[in-house]
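Worksheet for the structure shown next.
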Amino acid sequence: SNFILANAQLRRGFPIVYCSDGFCDLTGFARTEVMQKNCSCRFLCGAETSEPVLQRVEKALDGKQEYQAEVCFYKKGGAAFWCLLDIMPIKNEKGEVVLFLFSFKDITESRGKSHAGDKKEEKQRSRKAGNAHLRAARRQGRTVLHRLSSQFARRDRAEMKINRNVFENKPSIPEYKVASVQKSRFILLHYSVFKALWDWLILLATFYVAVTVPYNVCFTGTEDSPSAARSTIVSDIAVEMLFILDIVLNFRTTYVSQSGQVVYDPRSICLHYVATWFFVDLIAALPFDLLYVFNVTVTSLVHLLKTVRLLRLLRLLQKLDRYSQYSAMVLTLLMSVFALLAHWMACVWYVIGRKEMESNDPLTWDIGWLHELGKRLEAPYINNSAGGPSIRSAYIASLYFTLSSLTSVGFGNVCANTDAEKIFSICTMLIGALMHAVVFGNVTAIIQRMYSRRSLYHTRMKDLKDFIRVHRLPQQLKQRMLEYFQTTWSVNNGIDVNELLHDFPDELRADVAMHLNKDILQLPVFETASRGCLRSLSLHIKTSFCAPGEYLLRQGDALQADYFVCAGSLEVLRDDVVLAILGKGDLIGADLPSQDQVIKTNADVKALTYCDLQYIGLRGLCEVLRLYPEYASKFRADIHQDLTFNLREGSELE
């Protein structure tokens with residue numbers, strides 16, 4: 001992880017265009033102190049640094065060749081350390097060497113353990129260790145290049161494949177601007193088409209479980225025989241197999257972390273799943289129906305245990321946000337929940353009728369709704385249990401009663417006669433009134449509230465498409481505008497922070513602005529600023545966004561602001577030559593001139609990925625500095641030290 005990248009296309013000293021955080025930690029230098037320095041690392045030299053080794057390094061750079069050596073360098077504080085230096089040239093798709101990769105491996109401890117009497121043996125051992133360090137350094141550097149290269153890919157160029165032989169004994173020169181990071185072939189993307197179809201299948205299986213489990217418990221649970229619930233045994237076992245397979249797939253499915261990153265690491269995926277939904281899914285997937293396959297006697301207790309499958313409904317609650325994005329899906333879910341509730345209550349209604357008949361109460365056993373149904377269908381019950389209507393007729397009558405009660409349109413042909421049945425009917429009516437008041441009575445308000453932001457999105461998207469059609473913009477420009485609008489909307493959800501905070505008092509706006517812009521205000525250049533100065537600066541800080549391939553600045557443009565990179569990567573170009581690679585935490589702009597004058601940029605700044613930026617206008621910055629003259633002189637003296645790259649024309653000569 002300790003590496004730097006240098007531009008191999010500039011003959012003037014091969015300037016450093018990128019340095020890793022590990023290199024800064026190793027040497028003690030800040031990134032702004034390293035950028036644009038000569039990659040021969042003369043700034044790390046000291047009394048014990050070997051001059052012949054440095055000359056061979058410069059010779060390897062001039063010849064654009066690989067080189068490896070052990071060198072004694074010095075940190076910023078003056079402490080010496082030994083490192084294994086590995087230089088690798090990087091080619092682009094045209095075969096031109098465009099970058100040098102310098103990898104630094106700290107070997108101070110291994111050299112300190114060597115003994116003077118074992119020089120020959122130690123030399124052989126260090127050579128082997130050096131080769132191991134070389135391979136490890138190349139792997140680490142290759143990983144970083146692998147990540148960076150996905151950012152360098154241009155739209156009009158085909159993606160390049162990584163040479164798999166790069167880590168062999170004779171490594172080939174790595175290619176510049178290679179393909180994106182490859183995930184394991186056994187990792188399933190959570191946003192893939194297959195996963196979406198699989199989720200729909202699991203959703204249907206969950207509803208199937210919610211319907212069949214209460215039905216089997218109430219209607220077939222009265223038969224203590226192996227033949228009970230044989231009609232659904234095949235489908236039940238198939239659903240159990242689906243749930244078990246779903247557990248296996250969840251151990252190999254990516255997820256989005258709290259920081260918004262997609263996690264591909266198998267170990268992290270397993271730990272995340274075990275810590276969230278694994279035990280719920282495991283309990284719900286217990287294969288109770290396999291008891292039928294082995295002809296085990298099934299009792300009502302087994303049917304009751306199968307109700308744990310209803311825990312799968314908790315998974316449905318997790319995905320409601322995804323399904324609630326569509327009004328048709330919301331209505332479908334509401335109707336499904338209503339029908340499911342009626343089904344559950346029908347099962348309970350049937351159980352109440354059975355219990356009333358089996359109670360052997362001479363006053364109530366022959367007036368229950370189930371007994372009355374049997375007499376009407378000319379299939380009366382004999383001895384309180386034998387005979388009676390079929391299970392199919394009893395279920396239809398139960399569902400008819402509960403639906404008519406929930407919707408308050410009952411006709412009385414199936415009615416409650418006993419006390420228990422009347423109490424249940426009262427509860428059903430109350431639940432039906434609640435369903436009407438909470439769900440159906442507010443369905444319009446629910447949809448409007450859920451889709452107000454989406455409605456605004458579609459309105460603005462339609463306005464944008466109408467604008468493109470009226471003015472007949474070319475296809476490429478149209479695509480750029482649509483991509484920018486969609487991506488910015490996904491970032492801020494259409495919320496304009498400045499407009500939102502416009503009506504708030506200045507004190508509150510300043511506090512909110514300081515919180516939103518705390519990253520840029522924590523730069524060293526603002527350390528000596530007073531709180532009042534920081535609050536004034538925060539009100540002038542704005543946010544910006546840049547899509548891949550878009551130019552933030554063009555060479556020769558008038559510089560209007562200093563930019564701070566919150567996320568993403570950019571490259572600084574001059575005549576198609578990379579001068580610097582900027583990442584999170586970098587500051588790009590210009591130092592303030594001594595007098596009011598227009599600052600012209602000396603290079604292009606182009607986005608490699610989607611970039612979130614914060615910027616402060618130079619005009620607003622000058623206004624704040626005029627209010628705080630005691631800090632202005634300090635700021636003008638220190639700003640050039642915090643700039644990762646100075647865009648002012650003439651700054652490179654200074």
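Every residue, even glycine, has its Cβ placed from backbone N, Cα and C.
Heads up, TrEMBL stuff is auto-annotated, nobody curated it.
Per TrEMBL, these features apply:
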- 111-124: compositional bias 'Basic and acidic residues' (COMPBIAS)
- 16-64: domain 'PAS' (DOMAIN)
- 525-589: domain 'Cyclic nucleotide-binding' (DOMAIN)
- 186-211: transmembrane segment (TRANSMEM)
- 231-249: transmembrane segment (TRANSMEM)
- 269-286: transmembrane segment (TRANSMEM)
- 326-352: transmembrane segment (TRANSMEM)
- 423-447: transmembrane segment (TRANSMEM)
Problem - Positions on the same chain near the transmembrane segment (231-249), where near means CB under 8 A and six or more residues out - result: 188, 198, 201-202, 205, 208-209, 212, 216, 278, 281-282, 284-285, 287-290, 292-293, 312
Exercise for the section: Could you give me the DSSP helix, strand and coil counts for the domain 'Cyclic nucleotide-binding' (525-589)? Expected result: 10 helix, 31 strand, 24 coil
Problem - Residue distribution over DSSP helix, strand and coil in the domain 'PAS' (16-64) - result: 27 helix, 5 strand, 17 coil
